[in-house]
Amino acid sequence: MHEMSLMESVIEIVCETARQNGASTVRSVRLDVGVLSHVNPDALVFCYEAVRHGTIAENAALEINRIGGKGWCLDCGKTVALEERFGACPDCGRHRVQMTAGDELKIRDMEVI
């Protein structure tokens, strides 16, 4: 389960950033997780519950925003929705689509006190 190591890194970054900015408590964390990122949101929530204990984010709420897949078709020059990695362009049917969104995992923001 790679979500555990991902969430350990998220908590480490969140707590370090909060401390560097003079905060003593993290109240909430918002993540952007792409639908094509191979990251399971339910597993992230489970891992979050496990790794936040004993940190300044122990009582912080977690919100996960799902980001849809998008790509740029090199053949027809359009931005298109992607339902799968390496999928065909829904307009021209060719497979020369560069992914531009949907594979990210990033900390969108956090609330601290």
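In case you wondered, yes, glycine gets a Cβ from its N, Cα and C as well.
Residues or ranges marked as Ni(2+) binding site in TrEMBL: HIS2. Sequence annotations record features per position, and here TrEMBL assigns Zn(2+) binding site to CYS73, CYS76, CYS89, CYS92.
Within 8 Å of the centroid of the Cβ atoms of CYS73, CYS76, CYS89, CYS92, where the record puts Zn(2+), the same chain has further Cβ atoms from LEU74, ASP75, GLY77, LYS78, VAL80, PRO90, ASP91, GLY93, ARG94, ARG96, VAL97. The two recorded residues, CYS73 (Zn(2+) binding site) and the residue listed as 'Ni(2+) binding site', have Cα atoms 30 Å apart. In the shown protein chains, 16 other C-beta atoms lie within 10 A of the C-beta of CYS92 (Zn(2+) binding site). Each residue contributes its Cα atom, and for HIS2 (Ni(2+) binding site) and CYS76 (Zn(2+) binding site) those atoms are 36 Å apart.
Mapped onto three states, the DSSP output places CYS89 (Zn(2+) binding site) in coil. Looking at CYS76, CYS89, the binding-site residues in this record, the fewest other C-beta atoms within 10 angstroms of the C-beta turn up around CYS76. HIS2 (Ni(2+) binding site): 11 other CB atoms within 10 A of its CB, across all protein chains. Secondary structure at CYS76 (Zn(2+) binding site), as computed by DSSP, is coil.
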